[in-house]
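K.L.:
Okay, so TrEMBL annotates it like this:
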| type | residues | note |
| --- | --- | --- |
| DOMAIN | 7-116 | domain 'HIT' |
| MOTIF | 98-102 | motif 'Histidine triad motif' |
| ACT_SITE | His100 | active site, tele-AMP-histidine intermediate |
Amino acid sequence: MRKEDCLFCKIVAGEIPSTKVYEDERVLAFEDVSPQMPVHTLIVPKDHYDNIGDGVPDEELGYLFNTVRKVADIKGIAESGYRVIVNTNNDAQQSVHHLHVHVLGGAPMNSGDPSRK
Ligand code: DGP
């Protein structure tokens, strides 16, 4: 299912170019246009969901998160480590409302945990 005027649906359809990292029949992984780390790859389901709370079937979520490991292998960060982020709605500043997983790595990171000083 595709949503009209969704940026990532257009990327999935090839209507907007992206630098592809991995693709199969259910997911697409591509480089973030504005990388925050040496490795910054986004993974999206090809079907449209606004976010992780948008009735995503368990099997779809499992498939999406299994793809994280594949991307980490492809990008060479499986051993060094990486961070997985799923921004959801306004407080998390989700800017593209098509479910996506950020895979960040390639250098040491701070805790990023707002509960730690
Ligand atoms: P979020 O803030 O979690 O919704 O992240 C959206 C990410 O999408 C953000 O890191 C920048 C990225 N992004 C926005 N527009 C494009 C685009 O046209 N192409 C690519 N490759 N990435 C994009």
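Cβ coordinates come from backbone N, Cα and C, glycine included.
Values in this document were obtained by computation on a predicted structure and should not be read as measured data.
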K.L.:
In the same chain, which residue numbers or ranges, 6 or more beyond the ends of the motif 'Histidine triad motif' (98-102), come under 8 angstroms Cβ to Cβ?
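P.N.:
Hits for the motif 'Histidine triad motif' (98-102): 3, 6-9, 32, 40-45, 48-52, 54, 56, 64-65, 67-68, 83-87.
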K.L.:
Which residues of the same chain, at least 6 positions away in sequence, have a Cβ lying under 8 Å from the Cβ of His100 (active site, tele-AMP-histidine intermediate)?
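P.N.:
Phe8, Leu42, Ile43, Val44, Val86 - these are the non-local Cβ neighbours of His100 (active site, tele-AMP-histidine intermediate), listed in sequence order.
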K.L.:
Could you find out if DSSP has His100 (active site, tele-AMP-histidine intermediate) as helix, strand or coil?
P.N.:
coil
K.L.:
Over the span of the domain 'HIT' (7-116), how high is the average pLDDT in this prediction?
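P.N.:
The predicted confidence over the domain 'HIT' (7-116), as a mean pLDDT, is 96.
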